[in-house]
Amino acid sequence: MDDQRDLISNHEQLPILGQRARAPESNCNRGVLYTSVSVLVALLLAGQATTAYFLYQQQGRLDKLTVTSQNLQLENLRMKLPKSAKPVSPMRMATPLLMRPLSMDNMLQAPVKNVTKYGNMTQDHVMHLLTKSGPVNYPQLKGSFPENLKHLKNSMNGLDWKVFESWMKQWLLFEMSKNSLEEKQPTQTPPKVLTKCQEEVSHIPDVHPGAFRPKCDENGNYMPLQCHGSTGYCWCVFPNGTEVPHTKSRGRHNCSEPLDMEDPSSGLGVTKQDMGQMFL
């Protein structure tokens, strides 16, 4: 009986010992799992931190590049702007130099330059003041008027262009109303100034027997050949109407050739030959 009880008690204790032997194995598996998860989380955090660090460095470099680009643009615009006129320091000269007359030779040889034409106009000062606040808002317009308007429309935002377009409409209406109020005055042709030949012809009618009526060209100058219809004589004249000596006759004349002499009273220059040689 005692032996049976020992066997029963030993048989009942065997499952309990088997169950107690499995507990350390499950605890070991859980420890490995927790360790793996912890290492994975640590690696993820380290990767995120490294990525954030590199992004921060790249952002700093981008900010520096942006600031450098803006500074270069401002420097370029500043170089293109007209320079303000420098104040002229008062001249310090001794009294003998003030009393000495200035030499006109150097002044006549050197071309006169307008030093206030560039960089000292009202438009330049206003442009210089406005470009300090917003240099990008004032582009350089070097094309024709339609091309400049198209460039402005593309460079300006929608609101600014609407404001500018509204201003142009108001300006156009103002110009149209101003032109409509202006009365068109009849254009008065200025009186035509008559030349000496035309004035002489105006005093003589077309048909007047016995009177000499000169002939004028389209510019109002005397024709080189003048003829008197009543007597039949013809002669050559200078452009001012003065008769050329020794050319009056009833024969044919050729006044188109250049004359060898000129009348001093004609105002055309000095005689080419001496008047005394002509009468010889």
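Glycine too: its Cβ is placed from the backbone N, Cα and C atoms.
Not measured: the values here are computed from a predicted model.
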Disulphide partner cysteine [Swiss-Prot] for C216, chosen from C197, C236, C255: C197
Which candidate, of S9, S26, S155, S265, Swiss-Prot gives the annotation phosphoserine: S9
Candidate cysteine (C227, C255) that Swiss-Prot pairs with C234 in a disulfide: C227
Residue distribution over DSSP helix, strand and coil in the domain 'Thyroglobulin type-1' (194-255): 7 helix, 11 strand, 44 coil
